[in-house]
Amino acid sequence: MSSQPVTFQAPVAPIIPTAWPVDDVLALFNLPFNDLIFRAQTVHRENFDPTEVELATLLSIKTGGCPEDCGYCPQAARYDTGVTAQKILPLEEVLTAAREAKAHGATRFCMGAAWREPKDRDLEKVEEMVREVKAMGLETCATLGMLGEGQAEKLKNAGLDYYNHNLDTAPEFYSNVISTRDYQNRIDTLGRVRGAGIKVCCGGIVGMGESRLQRAGLIAQLCNMDPYPESVPVNNLVQVEGTPLHGTDPIDPLEFVRTVAVARITMPKARVRLSAGRREMGEAIQALCFVAGANSIFYGDKLLTTGNPEAMADQELLEKLGMHTRSTAIDARCDVTPS
């Protein structure tokens with residue numbers, strides 16, 4: 001009796017809806033874990049080299065003293081977190097950090113400042129930083145708080161590639177985290193960024209006490225932007241003593257992986273970035289996140305004021321996984337603007 005040969009069919013990425021109601025996003029979260037990861041990896045392979053990871057470096061160019069009350073942030077002036085307020089860094093110090101980042105393989109350099117919104121005199125200094133970093137062949141990104149009329153255009157003219165402004169969480173949970181700036185303020189800034197022709201970097205933070213439904217609500221807000229963000233940072237809350245969210249029950253690591261997978265499925269062409277909280281994850285969870293569709297990490301020993309895995313540890317992990325870093329500063333697949 002002869003046995004029949006076993007045939008395997010190559011996975012086919014499912015058709016991606018053009019709009020995602022919260023209930024549909026929640027249905028993805030509720031899939032059996034293996035089914036969700038398989039679907040996310042299939043979508044990922046349709047759009048990216050699954051072994052490639054982008055390295056981005058984040059530098060705090062102005063630390064502490066922020067007047068906002070974000071419950072997760074050690075840079076808020078009203079919280080006693082041990083962070084000392086500092087003025088904006090000198091240009092040469094920023095450029096030295098950018099050179100080091102490029103030498104270690106980073107292709108994107110992000111500059112963050114703890115402002116509610118930048119004053120024009122400070123924005124001029126950032127514009128100069130952007131021009132000089134851009135001249136090194138690095139992609140440039142900035143996160144400076146809310147932007148007023150005309151400020152996004154100034155950053156665009158200086159050569160800024162990306163502007164980061166996170167939604168943080170779902171609208172329904174937002175008031176549990178922040179009271180000094182409303183959700184519409186964030187939407188307005190993102191509209192100014194997009195209107196100026198700057199690519200959008202926008203994501204959120206999980207593990208702040210929100211429910212799965214509220215995590216689905218955050219993803220729905222992101223993926224229903226038109227177009228959705230080119231970069232989507234997924235942060236795992238880093239609990240800092242002195243902040244209101246210190247002591248919050250941590251999110252289950254597999255729930256974090258699910259969040260990455262759902263972001264990948266709903267925003268297939270975006271760079272999904274593992275951001276804050278990687279140091280607490282360990283290698284196995286990070287590896288699962290890469291399988292789930294994450295393809296960018298913040299690289300370096302520190303993110304603004306919180307710790308990050310050492311650069312050597314990141315290189316060793318990528319080698320273990322047989323992954324390589326993105327080698328060019330331009331990636332057309334990150335263009336999610338409808339043709």
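Any Cβ shown, glycine's included, is placed from N, Cα and C.
Record features, source Swiss-Prot:
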- CYS66, CYS70, CYS73: [4Fe-4S] cluster binding site (BINDING)
- CYS110, CYS141, CYS201, ARG273: [2Fe-2S] cluster binding site (BINDING)
- 51-278: domain 'Radical SAM core' (DOMAIN)
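Projection of Swiss-Prot feature records onto the structure.
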residue : record                        : DSSP (3 states)
CYS66   : [4Fe-4S] cluster binding site : strand
CYS73   : [4Fe-4S] cluster binding site : coil
CYS110  : [2Fe-2S] cluster binding site : strand
CYS141  : [2Fe-2S] cluster binding site : strand
CYS201  : [2Fe-2S] cluster binding site : strand
ARG273  : [2Fe-2S] cluster binding site : strand
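Straight-line distance linking the Cα atoms of CYS201 ([2Fe-2S] cluster binding site) and CYS66 ([4Fe-4S] cluster binding site), rounded to a whole number, equals 21 Å. Around ARG273 ([2Fe-2S] cluster binding site), a 10 Å sphere centred on its CB holds 24 further CB atoms from the protein chains shown. In this structure, the binding-site residues under consideration are CYS66, CYS70, CYS73, CYS141, CYS201, and the one with the smallest number of other Cβ atoms within 10 Å of its Cβ is CYS70. Of all the Cβ atoms in the protein chains shown, 29 others lie within 10 Å of the Cβ of CYS110 ([2Fe-2S] cluster binding site). Rounded to a whole value, the Cα-Cα separation of CYS73 ([4Fe-4S] cluster binding site) and CYS110 ([2Fe-2S] cluster binding site) is 18 Å. Of the chain residues outside the [2Fe-2S] cluster site list CYS110, CYS141, CYS201, ARG273, ALA56, LEU58, ARG108, THR143, TYR162, ASN164, SER231, PRO233 have their Cβ within 8 Å of the site's Cβ mean position.
For CYS110 ([2Fe-2S] cluster binding site) paired with CYS66 ([4Fe-4S] cluster binding site), the C-alpha to C-alpha distance reads 19 Å. Those residues of the chain, other than CYS66, CYS70, CYS73, with a C-beta within 8 angstroms of the mean position of the [4Fe-4S] cluster site C-beta atoms are GLU68, ASP69, TYR72, PRO74, GLN75, ALA76, ALA114.
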